[in-house]
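**Student:** The repeat 'WD 1' annotation in Swiss-Prot covers 1-33. Per Swiss-Prot, repeat 'WD 2' is recorded for 35-73. The annotation repeat 'WD 3' is assigned in Swiss-Prot to 78-117. Residues or ranges marked as repeat 'WD 4' by Swiss-Prot: 121-160. Summarising the annotation, Swiss-Prot assigns repeat 'WD 5' to 163-202 and lists sequence analysis as the type of evidence. Sequence annotations record features per position, and here Swiss-Prot assigns repeat 'WD 6' to 212-251. Swiss-Prot lists 254-293 with the feature repeat 'WD 7', giving sequence analysis as the kind of evidence. What Swiss-Prot records for 296-313 is repeat 'WD 8', and it gives sequence analysis as the kind of evidence.
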Amino acid sequence: MGDQQQLILATGGYDHTIKVWQAHTGNCIKTMRFVETSQVNALDRTPDKTRLAACGYQCIRLYDLESNCTAPVINFDGVQKNVTRLGFQEDGNWMFTAGEDHHVRIWDMIAAPPHCSRIFDCEAPVNAACLHPNQVEIAMGSQNGSVFLWDVKSERHERIVPEVDASIQDVAISPDGRYLAAANNKGNCYIWSLTSQDQKMSTLRPNRKIPAHSRYILRCKFSPDSRLLLTTSGDGTVCIWKTDDFSKWRELCIENYWVWDAAFSADSKWLFTASSDGIARLWKLQTKSSIRDYTGHTKAITALSFKDEIVGK
């Protein structure tokens, strides 16, 4: 997993703190205060790895990872209700956020200070959003069961409702751009095949429904090599699905706890999980074994961020 000095895991949760860990040792190297009125809903590191963005109830914060400062360096103004997701465009030029105010926002990160430059209205609280690897389309999932695909350049969008009376909890697009996944509060994960021709907006073709869990699905994510899809749940499990036929390959269990978030390593062989017992874990997927615990949070961990690179390919 890359240069060990660069292997930084970030976690946040209900104890209003964000912790930064050396992934290879389990040592906590920095603790940053979030806001006292909110848990951490999502974390993402800037592409240059120097800063960490966090979002929660009526707040978006940006922290400096290279200094000893534990306070945010930027507070984003004018955010209403719960901010549920965020992420960065690959060059770091803009950031997207999604929230329960029904909006997905594009923030210009080159401007000083950063400001909101575009808004998409989903007409319902937005639980999830992710960026297509083409860097122009954003997938979104809302509480009324809608899945949107928004082309930021052309302003075109497509809307699909895969299941009535269900809330979309997370969305993910495979790094190779072939699949879109949307997971809901009934334990189902829907897959669409994505196709794009002549630089036009991607089209969605229904692929399958995976009855993945008995309870809420909290997160779905594809592995960097696009060969695996994970789903995490309130049933205490992480299920790993092979994307060649979407059969279940592995199941990891943290009994009696919700698994709120997870992240693959760059080589797709390792997995980090965040759960309601306040522990982040590193798993070796081949053996389904938990090999390291990251302990220090006093309440549930609800978000994590990990990005490394394959060295010496």
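Cβ coordinates come from backbone N, Cα and C, glycine included.
Owing to the predicted nature of the structure, the values given are computational and were not obtained by experimental measurement.
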**Student:** Please indicate, using numbers and ranges, the residues of the same chain that are 6 or more beyond the repeat 'WD 7' (254-293) and have a C-beta under 8 Å from a C-beta there.
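**Tutor:** For the repeat 'WD 7' (254-293), the list is 1-2, 9, 11, 13, 15, 21, 23, 26, 216, 218-219, 221, 223-225, 227-228, 230, 232-234, 236-238, 240, 299-310.
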**Student:** In the same chain, who gets a Cβ under 8 Å from the repeat 'WD 5' (163-202) while lying at least 6 residues past its ends?
**Tutor:** 127-134, 137, 139-147, 149, 151, 154, 156, 208-222, 224-226, 229, 231, 233, 235, 241, 243, 246
**Student:** With DSSP as the reference, give the number of residues of the repeat 'WD 3' (78-117) in helix, strand and coil.
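**Tutor:** Per-class counts: 0 helix, 22 strand, 18 coil.
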**Student:** If you average per-residue pLDDT over the repeat 'WD 8' (296-313), what number do you get?
**Tutor:** 83
